[in-house]
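J.: Okay, these came from TrEMBL:
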DOMAIN    10-210  domain 'Porphobilinogen deaminase N-terminal'
DOMAIN    231-299  domain 'Porphobilinogen deaminase C-terminal'
MOD_RES   Cys246  S-(dipyrrolylmethanemethyl)cysteine
Amino acid sequence: MAENVKDKTIRIGTRGSKLALWQAENAAEKLQAAGFKTELVIISTKGDQVLDKSLDKIGSKGVFTEELEVALREGQVEIAVHSAKDVQSSIPADLELVAFMEREQVNDVILSFDPDFKLERESNAIIGTSSTRRKALLKKYYPNIGTAESRGNLQTRLRKLEERQFDALMLAYAGVYRMGYDNLIVHTFPEDEFVPAAGQGSVAIECAKNLEPELKKALKQALNHTETHVCLLAERAFLRTMEGGCSIPSFALARLNGEGVSITGGIVSLDGQTLLQETLQGPTVTAEELGEELANIILNQGGDEILKSIRTERGE
Ligand SMILES: NCc1[nH]cc(CCC(=O)O)c1CC(=O)O
């Protein structure tokens, strides 16, 4: 590879939350190890600014990504670093996801300051979460649990927990671990029951499609994790076919195994009454087709009706 692509300082666009900065630093370290110079450029997004509304009310498209995408387009940064889960399923035609970084454990977890907190099926505790998927799955598996909104970055949510705005907090393990709060974990949900949101635990790197091909190649080489990439292609194809953003209670998790790739995914109605979930297995090269096929199966089983009733309820 030509040395000269590495003479360029890679400006890394990131949100300003501590988790976002951790992820951007992590990408920067990998780029430095590959010989690049790096610089972080902090960009605030609508999702950071509007904290008094739940995400499904702000609108699902690009709340955490749009301002970063503008910076890519205007050439203020070479790459943008996102939590893969926050990236809309179809990205604008002039941009592309050039890499997916190695995934962390994917599970949802419960945090509490009370080490004796037990999540039992009949529990009637109040859990802080703003995710439609988590709320609906809790209704399904823990019908007596109540939920309370907990928007904001991890530190804000922990403060709400400290103020006893709820008894416990439900989050992705990945962010909790990266921020060093794993000592507060009192419950880890199994990934086959609380299937995570597509992309959970992975970091996606976005760039302009017209970035120099040599540079793109070098960025991919430094940052992409092949196994994660294959799984994310399957999960994102599922999400795209479901036409659901982060405000739809769908879920998908792909894993590589000896025979290729397997993907489990589905959707749950907001009241937790209907859960559709299936698993497909296929060769790795068909990861995207498999994700699409799974989504079509779920839509045909009644997933389309669940989506329709959610949209009607929200007046969309
Ligand atoms: N906007 C929510 C969001 N996006 C990414 C993470 C956590 C880290 C990850 O899943 O990669 C979170 C918080 C959470 O779900 O607990």
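For all residues, glycine too, the Cβ spot is worked out from N, Cα and C.
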J.: Which residue counts does DSSP give the domain 'Porphobilinogen deaminase C-terminal' (231-299) for helix, strand and coil?
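T.: Result for the domain 'Porphobilinogen deaminase C-terminal' (231-299), in helix, strand, coil order: 28 helix, 25 strand, 16 coil.
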J.: Do you know the mean pLDDT across the domain 'Porphobilinogen deaminase C-terminal' (231-299)?
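T.: Taking every residue in the domain 'Porphobilinogen deaminase C-terminal' (231-299) and averaging pLDDT yields 95.
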